[in-house]
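As recorded in TrEMBL:
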type: DOMAIN; residues: 101-154; note: domain 'Glutathione S-transferase C-terminal'
type: DOMAIN; residues: 225-529; note: domain 'Glutamyl/glutaminyl-tRNA synthetase class Ib catalytic'
type: DOMAIN; residues: 532-621; note: domain 'Glutamyl/glutaminyl-tRNA synthetase class Ib anti-codon binding'
type: DOMAIN; residues: 636-709; note: domain 'tRNA synthetases class I (E and Q) anti-codon binding'
Amino acid sequence: MEIKLSFPADSPPLSVIAAAKIAGLPITTDSSLPSASPPTFLFSNGLKLKGTNVLLHYIGSMASTPHLYGQDAYESSQIVEWLEYAPVFASGAEFEKGCKYADEYLLQHTFLVGHRLSIADIAVWSSLAGTGKRWDSLRKSKKYQNLTRWFNSILMEYGAVLNEVTTTFHGEKGSGKLIAIKAKEKEQKGLDLHNKIVDGDVNGKGKVGSRPTSEVELPEAEFGKVRLRFAPEPSGYLHIGHSKAALLNQYFAQRYQGQVIIRFDDTNPEKESSEFVTNLLKDIETLGIKYAKVTYTSDYFPRLMEMAEKLILEGKAYVDDTPREQMQKERMDGIESRCRNNSPQENMKLWKEMIAGSERGVMCCVRGKLDMQDPNKSLRDPVYYRCNPKHHHKVGSTYKVYPTYDFACPFVDAIEGITHALRSSEYHDRNAQYYRIQEDMGLRRVHIYEFSRLNMVYTLLSKRKLLWFVQHKQVEGWDDPRFPTVQGIVRRGLQIEALIQFILEQGASKNLNLMEWDKLWTINKKIIDPVCPRHTAVLEERRVLLTLVDGPDVPFVRIIPRHKKYERAGEKATTFTKRIWIDHADAQSISVDEEVTLMDWGNAVVKEIRRDGDGNVTDLVGVLHLEGSVKTTKLKLTWLPESCELVTLSLVEFDYLITKKKLDEDEDFLDVLNPCTKKEITALGDSNMRNLKRGEILQLERKGYFICDAPFVRSSKPIVLFAIPDGRQQSGL
């Protein structure tokens, strides 16, 4: 059924037009309605629908995009609430109030409803975009950072559609004229963002080695035709070093209105498994990577074998049975193999032995016949195929021979229509090999684009080395909080938003760079601090009882906010008693007759201090002085009531796995292992912590930020909280 959208020329319904395009609903437009008329759908069967929200509801219901109007009745109801609220952003008097409300809401939400784009996001985004310069000035002022982050993320994801809509239909306020956004200006903004990702010039100040804007284009890229691939090997979990590659692929795909595919480079059955495939997809989802499809290099094994035979018959490859160590030495010295000039027929005979996995075959490999005297050693007859009798996670025992990455990658890139292959600059010397192999194969040339590799201090990113920790039970698994894997750092309390921001801000052009973890955790703190609830804990060891002589004989409870500046964090119940627990370290620092502040209660004066034979404080006696000023006290103490309702906590802190910032090239990581990477401390926590959920982040006041790894089950089993670094390096406990 054909649909025509009619509206007044001076007030085009941006949200309806944008929603229809994103939903894949074809409509024609007509701007002939009188001013103040509601937008209207005219159907080819004569039916009509009127009103912005009614049209948006229809689009959401008919969308090919899943869950655009919510995945259940609750989400649909939330969308209705936001649609009713959206006009606030078009109201002069209410505009700032609306921005403030949405900004606070988006502190802990990626989208307005649920975990994906909905009609609500489109409606509010369009309302903001429709205000023109007013919203632009607020974006530049950074007054509403969460709202700006949300606005920009939607623009980055759906920029092609949204820019087309605003370019065509964005009415300049008060003029009634249609205006266009300058294409050059948009293009320049995209290039500037790219500079930040690739060159690290995040402050707008040129750095030594930064490239000019004119050089950051993908070579010969055409809008709508760019196709990229993120190709992890399924031999481990995704780590922070891979994240930059994944996010950079997504950035270019969005910028050029192209697509990313995920390809598992599964050419080594000895290291790979279905477990790694499953978890890599999970990690890619966590990063928010939008991909067109998933493929496997193993899908192309038959065609790769055909290509290997073709090259053998053409004299561009040969079978070599030289022992591996001797072969490596000959390559380094530029010495040709004695098998290099064997006839194609002899090579084919040995190739068949390899395919069969025979005793003779397993001694051989296939090598490309390139140039053994080339100064670039990657061109000195690289290995194309090896025998491997191991079971493959996807194709089982079908094959006894497997292609190397160097052989498979240029072939599959070309066959899958990849236009640009993004590779870190550590592979620079292998680029010539990549192009030469494609040339010998007679395939289309794929452009290589290099970016700088991300390295972190005190961190091992080699999957082989990380596997050693897993196999030797030095960590719990690939998601251990000490690991640099995406699952590990998220389990330790890192927000994905912080990781993305960190990667966008880290710099240093194509040079390998060593980054500090403190910077990443500082960004993370800025995200979690404004929203995470506050709770109280007292370390169990040598805790001290403070008796308040004039304290309440009968305990009473007050309901107070979990976060004084963030209402949505909820409330907690605090019990006030005559006897309270405080930390031993706090008790040791108190003097007789000193006035202290008991947080969330008021002041008290300590009248008596009792110590044991070693001088350690064992008990305190004091009186309340609630009329006292908190400004006059030196010590602000966290405390817990003496109560059987308290919960037991296990507070866990982690350290780096190695003790050296950066390993030397030939240094063995086993020589710099950190002997103590995990410390557990038992504490008591307020009773409200029984309601914590796994993955929930909180702040233990005066002790730092934590993430709940094991929630309350029963009194005999502690709640496990992992300490979240905040960028200050020193321990909070």
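Every residue gets a Cβ built from N, Cα and C, even glycine.
The residues of the domain 'tRNA synthetases class I (E and Q) anti-codon binding' (636-709), classed with DSSP into helix (H, G, I), strand (E, B) and coil, number 9 helix, 32 strand, 33 coil. Helix, strand and coil content of the domain 'Glutamyl/glutaminyl-tRNA synthetase class Ib anti-codon binding' (532-621), in residues and according to DSSP, is 8 helix, 45 strand, 37 coil.
Secondary structure of the domain 'Glutathione S-transferase C-terminal' (101-154) per DSSP (helix as H, G, I; strand as E, B; remaining residues coil): 36 helix, 0 strand, 18 coil.
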